[in-house]
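Copied over from TrEMBL, here are the features:
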TRANSMEM  A:28-49  transmembrane segment
TRANSMEM  A:55-74  transmembrane segment
TRANSMEM  A:86-104  transmembrane segment
TRANSMEM  A:124-141  transmembrane segment
TRANSMEM  A:153-172  transmembrane segment
TRANSMEM  A:192-208  transmembrane segment
TRANSMEM  A:229-247  transmembrane segment
TRANSMEM  A:253-269  transmembrane segment
TRANSMEM  A:274-292  transmembrane segment
TRANSMEM  A:359-380  transmembrane segment
TRANSMEM  A:401-428  transmembrane segment
TRANSMEM  A:434-453  transmembrane segment
Amino acid sequence: MSSTTNPPTHHTSTIGAIGAPSRRNTELALLVFAVVIPVFAYANVGLAIDGKVPAGLLAYGLGLALLAGVAHLVVRKFAPYADPLLLPLATLLNGLGLVAIWRLDQSKLLQQIHVAGGKATNQLLYTAMGIALFVAVLILLKDHRTLQRYTYISMATALVLLLLPLVPGLGADVYGAKIWISVGSFTIQPGEFAKIVLAVFFAGYLMVKRDALALASRRFMGMYLPRGRDLGPILVVWAISILILVFETDLGTSLLFFGMFVIMLYVATERTSWIVFGLLMSAVGAVGVASFEPHIQVRVQAWLDPMHEYVLSRTPGVTGVHSDQLQQALWAFGSGGTLGTGWGQGHSELIRFAANSDFIFATFGEELGLAGVMAILLVYGLIAERGIRTALAARDPFGKLLAVGLSGGFALQVFVVAGGVMGLIPLTGMTMPFLAYGGSSVIANWALIGILIRISDTARRPAPAPAANPDAEMTQVVRPS
Amino acid sequence: MSELTLTVMRLGFLAVLWLFVIVAVQVIRSDLFGTRVTQRGSRREAGRQQQAPRQQAATPPPQRGQQSGGRRGRGAPTKLVVTEGTLTGTTVALQGQTITLGRAHDSTIVLDDDYASSRHARIYPDRDGQWIVEDLGSTNGTYLDRSRLTTPTPIPLGAPIRIGKTVIELRK
């Protein structure tokens with residue numbers, strides 16, 4: 001940003017940053033740190049398993065550093081005032097995910113059942129695609145407010161994305177949950193992308209409607225009760241999320257979308273009553289659907305008594321779907337203890353199926369212990385915090401709502417997955433953002449970080465460009481002096 | 001690999017991971033930027049590192065628009081604060097640029113206010129560095145204190161400018 005030397009007589013001088021820090025160097029330093037930590041972990045896994053530094057260390061470290069470097073340079077060029085923390089935090093999580101996936105690739109047991117083996121290379125490729133999308137977002141999306149124009153197109157897109165897994169021949173039923181579509185040899189989880197598109201729709205919609213939803217209400221017992229007809233939007237979103245639950249039998253996706261809407265509704269209207277309504281409605285919906293949907297019942301049973309499921313899965317002659325996964329995950333967390341067993345020295349491969357995707361958090365729990373899990377959850381918390389900080393700093397209501405929606409959805413997804421793996425809530429088929437193996441998740445979350453960085457760049461830009469220049473020039477001419 | 005080395009690496013890794021988290025939190029601590037919650041008392045200490053060039057008149061700013069107010073010295077306002085309305089607490093640093101207010105998306109401060117026009121008013125420094133508010137032909141008018149603006153008017157420090165339900169003022 002060059003500081004211009006306009007003569008002081010100009011009222012509409014365009015000026016750049018005066019001394020406002022862009023903090024790009026802070027970002028670079030943290031980014032180097034965020035690449036070194038996974039490389040250290042990678043060496044650690046190799047030493048623990050084979051007793052020598054793994055052969056791919058250099059290639060792997062360079063690959064991650066290259067991707068991070070490209071992302072950093074693009075941020076430096078196209079979003080110079082962006083938040084300095086978002087990129088390093090996401091890079092660290094992505095790098096740790098790669099290490100954990102590589103570590104599970106080494107397990108003979110998982111290789112036999114084709115869950116692991118060469119997955120880390122795939123994941124590095126997905127990461128590259130994610131970074132490419134991140135770069136594309138930053139270059140093509142010059143101003144996040146252009147997204148506002150696509151409010152209702154976003155709604156249609158999101159509905160299509162959510163419905164795709166139900167299309168016969170396209171949808172793939174993976175162990176009960178129908179949240180996948182298969183195109184050729186690829187499987188895609190459209191829900192991950194729908195998350196972002198829905199946030200755009202909710203932000204655009206609530207920005208326009210929020211006054212009606214906030215002001216027209218009666219006060220009752222210290223709470224503002226909305227009028228009956230204002231309950232319309234929340235009921236529609238609720239109904240759609242219930243339909244997802246019934247037809248795709250995926251609690252996580254359903255909870256994520258409804259939760260994201262309630263969070264954004266609360267932020268847009270400042271009415272606590274929406275949260276109360278939201279919690280009541282999701283409880284009623286979940287209990288109602290669980291009473292007749294067998295797949296959900298199985299998940300709830302496994303949540304209430306994982307040990308029983310474990311015994312049933314080991315008993316010969318017992319039919320039906322019984323999984324010992326959750327119990328194995330709980331044991332993994334337990335045997336990790338406070339400081340963990342160390343990289344490569346746990347036995348989280350006993351979780352078998354989905355050990356490197358849905359259940360990857362258990363591997364961290366076992367090998368890094370409580371200390372490591374807390375650090376990782378804090379990193380997720382920091383990403384959400386930076387998103388909300390961006391929302392606070394944003395000057396336009398659409399940007400505020402979008403940033404809150406994206407970071408709220410991100411945090412909610414972490415809660416749903418971590419809570420499911422730890423036995424706090426029934427398990428769902430979602431993936432831990434950035435850590436878990438899976439292309440859709442990594443790519444979509446990099447796009448999410450890209451949008452947050454774009455909003456934070458606009459919000460932090462010290463002197464907002466004097467807009468409507470021609471307009472201002474005209475008024476300047478007629479200004480009586 | 002000896003047991004000792006692995007134990008050292010295990011604890012070392014956790015230490016490095018936590019060090020990263022702590023460094024990240026440190027960055028946030030010193031990272032006071034953009035809009036800030038209206039502060040009370042000692043505002044200089046907190047963000048000295050970042051805010052110094054913007055807030056301290058003692059630092060020569062590399063921009064001449066602000067310098068032009070040099071004769072007025074320390075009496076010149078340095079920021080615009082929204083004190084009422086949905087954007088309460090938002091501040092914008094005054095650096096010699098024109099600030100536009102209105103419902104248009106490209107305004108400097110986007111007002112989300114049914115009583116505001118899309119290009120409602122603008123605030124700019126005149127050639128002496130005095131800040132001026134001008135109504136841009138809005139429907140419901142711009143008020144300085146109690147009087148409706150008809151011509152561009154200099155803004156006294158701390159005087160409330162009302163646009164619909166939003167009130168802004170200039171502060172040092």
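Residue positions begin at 1 at the first shown residue.
Here the Cβ of each residue, glycine as well, is placed from N, Cα and C on the backbone.
For the transmembrane segment (A:401-428), the list of distant contacts is 144, 147, 177, 195-196, 198-200, 202-203, 206-207, 250-253, 255-256, 259-260, 263-264, 267-268, 296, 299-300, 302-303, 306, 325-326, 329-330, 333, 358-359, 361-362, 365, 377, 380-381, 383-384, 386-388, 390-391, 394, 436, 445, 448, 451-452, 455-456: same-chain residues at least six beyond its ends, Cβ to Cβ under 8 Å.
A contact between the transmembrane segment (A:28-49) and the transmembrane segment (A:434-453) is absent, since fewer than 3 of their C-beta pairs, 6 or more residues apart, lie under 8 Å.
Sequence-distant contacts of the transmembrane segment (A:55-74), counting only residues of its own chain at least 6 positions beyond either end whose CB sits under 8 Å from a CB of the stretch, comprise 24, 27-28, 31, 34-35, 38-39, 42-43, 46, 87, 91, 94-95, 98, 102, 124, 127-128, 131, 134-135, 138-139.
The stretch from A:124-141, A:359-380, A:434-453 with the most CB pairs below 8 A to the transmembrane segment (A:86-104) is A:434-453. Panel annotation: around the transmembrane segment (A:124-141), residues 60, 63-64, 67, 70-71, 74-75, 78-79, 94, 98, 147, 438-439, 442-443, 445-447, 449-451, 453-454 of the same chain, lying at least six beyond its termini, place a Cβ under 8 Å from a Cβ of the stretch. Outside the transmembrane segment (A:434-453), and at least 6 residues removed from its termini, the chain residues within Cβ reach (under 8 Å) are 75, 79, 82-83, 86-87, 90, 93-94, 96-97, 100-101, 119, 122-123, 126-127, 129-131, 133-138, 141, 144, 186, 188-190, 192-193, 195-196, 356-358, 360-361, 364, 376, 383, 386-387, 390, 402-403, 406-407, 410, 417.
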